Amino acid sequence: MSAVIRVDSLNKTFARKQALFNLKLEIQAGEMVALIGASGSGKSTLLRHVAGLARCDRDNGGSIDVLGRRLQASGRLSGEVRRLRADIGYIFQQFNLVNRLSVLDNVLLGFLGRMPRWRGSLGLFSAEQKRQALEALARVGLADFAGQRASTLSGGQQQRVAIARALTQKAEVILADEPIASLDPESARKVMDILADINRHDGKTVVVTLHQVDYALRYCPRAVALKGGRILFDGSSEHLSEGFLNELYGAEGDTPLLFSDRARRGAESQPELTLARA
């Protein structure tokens, strides 16, 4: 099986400070993968590169392929980047909605990558596209809010609108950057339930950066742990031990771990970690 996402020898430097070191990663179709690590570990930087929103180093920067096509290499984005972005749904931590537009209009924006630019700029969406957008809103439990301005919604509701937009985009790969970081536990659970449902029932590949490890244990069969721009672990989430996680997060202490008794027992019953080699 060919990888849906292939990262090969990725390096990234910001103002002479290297942020990513020779990262190698393959993700198969239909996987749900958590990228975990402390703040500044490189997980969001990695995700932005996979989305084509950031460029790797020009010298020895490595390459990234998505859906079997070259996205970028050695600091240059592929000529196919616009078409590839149409297949990549990106969910931002801060929702990235247009507050002055209605909820429905925000979801319709997901179609822009697959329609002529002149039609998109004029907002000429078809009746079928509007039907699909309403269907996507119903799936995330927000059909009744279609006519409201996006700015009137809570943070959790706005994040669900962003997911509905990715559904209308018909993306094969969904990348979610800290989608629950600013949400209360109930809103976070709803967002993760929806992402898991899309992965399970639609077969979409989902990669999500998470600070809260208990959500990675609960929702993502595979975890990739980063520290200082290097991959330290890549494997089953069940194999993450509390000792390793305490070392991974260091001075941040217990805050991101949030182990439930069940999660803690599951992690502690697993064999010792085998660290990935960067």
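Cβ coordinates come from backbone N, Cα and C, glycine included.
Just so it is clear, the model here is predicted, and its values are computed rather than measured.
Of all Cβ atoms in the protein chains displayed, 13 besides its own lie within 10 Å of the Cβ of GLY40 (ATP binding site). GLY40 (ATP binding site) carries neither a helix nor a strand DSSP state and counts as coil. Sequence annotations record features per position, and here Swiss-Prot assigns ATP binding site to GLY37, ALA38, SER39, GLY40, SER41, GLY42, LYS43, SER44.
What Swiss-Prot records for 5-253 is domain 'ABC transporter'.
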Long-range Cβ environment of GLY42 (ATP binding site), under 8 Å and at least 6 residues apart: ALA19, LEU20, LEU23, LEU226, GLY228, GLY229, ARG230
Cβ neighbours of SER39 (ATP binding site) where a neighbour is any other Cβ within 10 Å: 11
